[in-house]
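Quick notes on the structure that follows.
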RNA sequence: UGCCCGAUAGUAUAAAGGUAGUACAACGGUUUUUGGUACCGUUUGUCUAGGUUCGAAUCCUGGUCGGGCAACCA
């Protein structure tokens with residue numbers, strides 16, 4: 001199917017470059033800053049960069065863009081690597097911008113020697129003041145005319161730790177009147193007496209993004225440096241440094257980042273949700289992080305498929321969450337083992353089934369799998385738990401489930417007829433009484449009876465209990481970012497619902513932490529990391545589509 | 001009121017001057033021992049005004065709308 005898909009604009013550029021002989025090998029990179037966990041937006045970039053070299057040959061480097069020691073941590077490096085691998089991609093080289101600090105320093109010296117960089121002792125405020133605005137040109141700094149030798153000495157002193165943080169900076173000397181703010185003598189090195197997660201205290205000056213990224217690309221001979229739209233304006237600077245430094249000309253291309261409805265995607269905001277305890281952590285199943293989606297039960301296949309379907313273009317977009325949900329349902333439908341679980345139990349007694357009798361029924365594990373996924377044993381008895389919502393005292397029109405006098409099929413078991421029910425003082429139905437039809441047993445039905453509805457159940461005597469966590473969108477509005485006020489004003493208070501005690505088939509006591517299950521008629525679920533042998537915990541990944549619920553809205 | 005990027009069904013994304021297509025969503029139906037799945041069908045679109053052309057979503061010009069650009073962040 002991918003061979004039928006038309007090319008996106010980046011693929012077109014690459015095919016042209018390859019066909020024209022401009023490059024023999026495609027080299028891309030994925031360059032996260034290790035200051036947070038990766039999210040579904042990064043997955044789009046990962047699938048793009050790694051997918052391109054998978055498709056056209058060549059390779060992709062993983063490069064941690066670690067030029068700001070204050071926000072970066074090894075914890076993030078580790079989680080990011082784990083997430084990329086989990087998504088199914090393998091980088092060629094594991095690299096760090098900090099590996100290039102010596103080279104980058106030399107590049108800066110080269111620039112100074114060429115008269116293209118100078119040390120500025122202005123304060124942050126003074127420099128901002130002289131920078132101008134998008135509509136007004138900036139003014140030259142009083143330090144702009146320093147001699148090359150003076151700049152060389154000063155920069156060396158910066159490196160040696162002779163200055164406090166913020167005392168001065170190194171700037172490229174370009175054009176304070178440029179219409180592009182980034183070309184108005186951008187800062188390329190600043191002083192930060194901070195310990196770096198990899199270089200420790202070796203450095204007290206660190207390059208800025210613009211003076212690190214393009215050069216790192218160049219050092220690695222990245223042919224196509226793909227980034228998001230907010231870097232469009234940086235491209236001019238990117239090219240300028242490469243030109244002045246006379247190094248390998250990597251080229252930058254920009255695509256539109258992913259926005260997903262009912263969530264936020266900025267690392268700053270996600271960090272806030274974590275730090276303020278609004279979610280349980282970066283891997284909270286409601287988070288759009290890779291680790292959150294993984295814990296929620298999403299599969300790498302479904303995320304890759306999602307990234308394939310959303311496409312690559314340059315226009316701002318807001319992808320509907322329903323597409324992500326479609327992708328995971330599509331994959332899980334083919335792969336998940338079907339089991340029965342009753343989330344909101346009500347007792348059903350089969351009055352003509354011998355009390356104390358047990359029967360082992362056989363259920364296929366997955367009707368969608370070629371081999372039906374094998375089978376499992378399901379114990380049956382005269383007392384069952386069924387879903388409260390599957391019984392209606394006064395049935396609605398087109399109601400196919402249980403109601404007084406109605407018949408339904410118990411999945412994998414018998415047809416039963418509702419004869420009576422009992423209510424408590426509050427009018428709550430407490431028990432339902434049915435008779436079963438012995439010759440209607442699943443697979444050997446000779447009753448000739450046809451029923452409209454099939455419901456799931458669990459034998460009460462054999463049932464095990466489990467905690468089940470049901471999730472909903474984290475925000476109440478499609479685009480919390482574009483809403484008035486603080487994005488946290490739009491947190492969905494009902495984004496997580498915990499069912500302390502649901503009943504599950506005994507088969508599930510051995511539930512595999514890495515497997516996903518379909519709770520028949522309910523949704524797809526996986527075992528949460530909080531589960532213990534004594535206390536099973538399941539997360540709902542996504543519900544099944546529910547035409548009945550929809551038609552009754 | 002400067003510069004840059006963008007604008008195709010509800011949401012995304014194709015169509016490289018020649019039939020506006022695909023997916024998700026929505027709606028209707030068939031099948032079904034999951035009101036699931038599968039399958040079939042329906043609705044909905046080229047921001048606008050000019051121009052070039054036999055012919056424009058596509059090229060040109062103006063406008064409108066959306067996004068970006070003034071961190072010692074990336």
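Each residue, glycine too, has its Cβ placed from N, Cα and C.
Keep in mind that TrEMBL annotations are predicted by a computer and have not been checked by a curator.
From a predicted model like this one, the values you see are computed outputs, not experimental measurements.
TrEMBL has this to say about the protein:
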{"type": "DOMAIN", "residues": "A:27-333", "note": "domain 'Glutamyl/glutaminyl-tRNA synthetase class Ib catalytic'"}
{"type": "MOTIF", "residues": "A:32-42", "note": "motif ''HIGH' region'"}
{"type": "BINDING", "residues": "A:33-35, A:39-45, A:228, A:257-258, A:265-267", "note": "ATP binding site"}
{"type": "BINDING", "residues": "A:65, A:209", "note": "L-glutamine binding site"}
{"type": "MOTIF", "residues": "A:264-268", "note": "motif ''KMSKS' region'"}
{"type": "DOMAIN", "residues": "A:336-436", "note": "domain 'Glutamyl/glutaminyl-tRNA synthetase class Ib anti-codon binding'"}
{"type": "DOMAIN", "residues": "A:454-528", "note": "domain 'tRNA synthetases class I (E and Q) anti-codon binding'"}
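Positions of TrEMBL features highlighted on the structure.
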residue : record                   : Cβ contacts under 8 Å, 6 or more apart
A:33    : ATP binding site         : A:64, A:65, A:66, A:68, A:71, A:72
A:35    : ATP binding site         : A:68, A:71, A:72, A:73, A:76, A:267
A:40    : ATP binding site         : A:258, A:260, A:265, A:288, A:289, A:290, A:293, A:303, A:306, A:324
A:42    : ATP binding site         : A:32, A:83, A:290
A:44    : ATP binding site         : A:257, A:258, A:307, A:310
A:209   : L-glutamine binding site : A:65, A:67
A:228   : ATP binding site         : A:45, A:254, A:255, A:256, A:257
A:266   : ATP binding site         : A:481
Tell me whether residue A:33 (ATP binding site) sits in a helix, a strand or coil according to DSSP.
coil
Reported in the order helix, strand, coil, what are the DSSP residue counts of the domain 'tRNA synthetases class I (E and Q) anti-codon binding' (A:454-528)?
12 helix, 33 strand, 30 coil
Secondary structure content of the domain 'Glutamyl/glutaminyl-tRNA synthetase class Ib anti-codon binding' (A:336-436), with strand meaning DSSP E or B:
3 helix, 51 strand, 47 coil
Among all the protein chains here, how many other CB atoms are within 10 A of the CB of residue A:258 (ATP binding site)?
22
Does DSSP give residue A:258 (ATP binding site) helix, strand or coil?
coil
Count the residues of the motif ''KMSKS' region' (A:264-268) that DSSP assigns to helix (H, G, I), to strand (E, B) and to coil, and report the three numbers in that order.
2 helix, 0 strand, 3 coil
